[in-house]
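Worksheet for the structure shown next.
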Amino acid sequence: MASATNWSTFETALSGVNKYSTAFGRVWLSVVFIFRVMVFAVAAQPVWNDEVKDFVCNTAQPGCNNACYDHVFPISHVRLWALQLIFTTCPSLMVVGHVKYREKKNMKHNGASLYANPGRKRGGLWWTYLVSLIFKAGIDAGFLYILHHIYEGYNMPRLVKCSLEPCPNKVDCFISRPTEKKIFTLFMVVSSAVCIFMCICEIIYLIYKRIQKRVYNKIERQMSAKVHGETQPARRKSEFRAKCRVDPTASIQNLNNTEAEKNKRSDKVQEQQC
């Protein structure tokens, strides 16, 4: 009961991530808490409760059972899955923390909001969200590899051979509930694979939307530049003509006199300034 309460508290802490997640992120969170946390807390833990007590070897040699059990199960499946769930869900807190940082920054600036929508995935928050997805997929994949490497696959044998000290010779050891444990192991492996797939889909979706937005903005800028480019040359040409327009009836002497008057005026202005 206490364990279920702890997981529900953990779920409450991560429930805020849904507000900033895409559709893939919401599906990922649902899979984690329904098919992994709930199954782990309600069903998987009771199955492994008797693993030490019911691990029996056909010898009465003291210490042989413990030595063989430690060799067959260097780390318990339940504890490994608990670590996996904690490490997998923790990167989501990076997104929540970044949003809280933005909200606090808005509060420091009286009335002037630096972020109109702190939860919008733009700028640094987009990168934080992407990195959290990469971490989640990488952690799940890493734990699947560890489980496969330690137990040489995802199978659960009924009988194992053990010849470690202090066993007198090679003895047969029997694992309790091997079929049930195998089913739960495969279920947790498949659910982890589904979560990895959802993270990869969300990464592709985020990158695709980012590229699509940049291409759209680039096309929009080109279109606006093209529209403005058609009117500006004509306007500049008319302005240039107006500046360079000369009275065709004016003689060369008159033009020279006009230029001399302009020079005198500019000299007077400079003397006044001095």
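Placed from the backbone N, Cα and C atoms, the Cβ positions cover glycine too.
Record features, source TrEMBL:
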| type | residues | note |
| --- | --- | --- |
| COMPBIAS | 236-246 | compositional bias 'Basic and acidic residues' |
| COMPBIAS | 259-274 | compositional bias 'Basic and acidic residues' |
| DOMAIN | 46-79 | domain 'Connexin N-terminal' |
| DOMAIN | 139-206 | domain 'Connexin cysteine-rich' |
| REGION | 227-274 | region 'Disordered' |
| TRANSMEM | 27-48 | transmembrane segment |
| TRANSMEM | 80-99 | transmembrane segment |
| TRANSMEM | 126-147 | transmembrane segment |
| TRANSMEM | 183-208 | transmembrane segment |
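With a threshold of 8 Å between CB atoms, the same-chain residues lying at least 6 positions outside the domain 'Connexin N-terminal' (46-79) that come near it are 40, 147, 150, 160, 162, 164-168, 171-177, 180-181, 184-185. Across the range of the domain 'Connexin N-terminal' (46-79), the DSSP-based residue counts are 14 helix, 2 strand, 18 coil.
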